[in-house]
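Right, one structure below, let's go through it.
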There are 2 protein chains.
Amino acid sequence: MRVLGIDPGLTRCGLGVVEGSVGRPLSMVAVGVVRTPPDLDLALRLCEIERGIEAWLDLHRPDAVAVERVFSQHNVRTVMGTAQASGIALLVAARRGLPVALHTPSEVKAAVSGSGRADKAQVGAMVTRLLRLDAPPKPADAADALALAICHIWRGSAQARIDAAMAATGRTTR
Amino acid sequence: MRVLGIDPGLTRCGLGVVEGSVGRPLSMVAVGVVRTPPDLDLALRLCEIERGIEAWLDLHRPDAVAVERVFSQHNVRTVMGTAQASGIALLVAARRGLPVALHTPSEVKAAVSGSGRADKAQVGAMVTRLLRLDAPPKPADAADALALAICHIWRGSAQARIDAAMAATGRTTR
């Protein structure tokens, strides 16, 4: 199973592709960031994010997409832009008929580190270990995107099968 | 000048097309709502909103699009979905090279009623009067979309000309 993890953001949108399955070693296919300049018009920034994600889907052909769930509680100053970027990520994946899942930051941290309150450094260290990389991926948004993909693979084949069946009928459980 | 106003929302996305210019009578071209079912998957709801707005752009060929600016302060429960829907609206318009502007609810209220603190009923009544309609458009999201379009036309030709020039260079002032 190949999963594209997306850590949405306007200035830096983290992207990470991981291949693997439950109980077998994971491997990193690609990691990177789509950046858009803060002085560019908001609507044009969203267009660039759409183009960037489309290019990754064309190149890496994932079986599923996992997007970080955005909450309105924190980072009030940037949360609206993050929500808009996440909307573009969900749209682009669903438009292709790909199963899309949202995972919370706590779910992702718990999946890779065993604790929902792990810090950035712990997540980076675990991603590095699990994917047998030489160094933690930078920036943190890129490491987070890989952690999202790992979380999605590990949360499992059962849920993925349910989602695929539901997606085929146009409805999902989430 | 023909303007499509969009009052973004997941359950009801208001759309209104108004034609006119500063100092001349305004006329309503179309008004309506794109609805998506609350039990449908979020990503698929965003796809339906994209399709709905695309269809309106194809049919009514506006010269510009005005979208309500979403704030994170109010309606915490629904604000993330509203932000995601607004992101889709901005994307769809900008992808076609149309000038897109964001107006705050206060700017819109002030434009049509003279007060930034006008209530829904006042806005509905002024939209009805300005567009010489028989009754206020319903639901309120549809009336708000028309008010957005009127606000955009009245905020004027000078700003529109600046935006068009900036859009041609790929940057805007906002």
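Every residue gets a Cβ built from N, Cα and C, even glycine.
According to TrEMBL, the feature Mg(2+) 1 binding site maps to B:Asp7, B:Asp141. Under the heading active site, TrEMBL lists B:Asp7, B:Glu68, B:Asp141. The feature Mg(2+) 2 binding site is assigned by TrEMBL to B:Glu68.
Mapped onto three states, the DSSP output places B:Asp7 (Mg(2+) 1 binding site) in strand. DSSP assigns B:Asp141 (Mg(2+) 1 binding site) to a helical segment in the three-state reduction.
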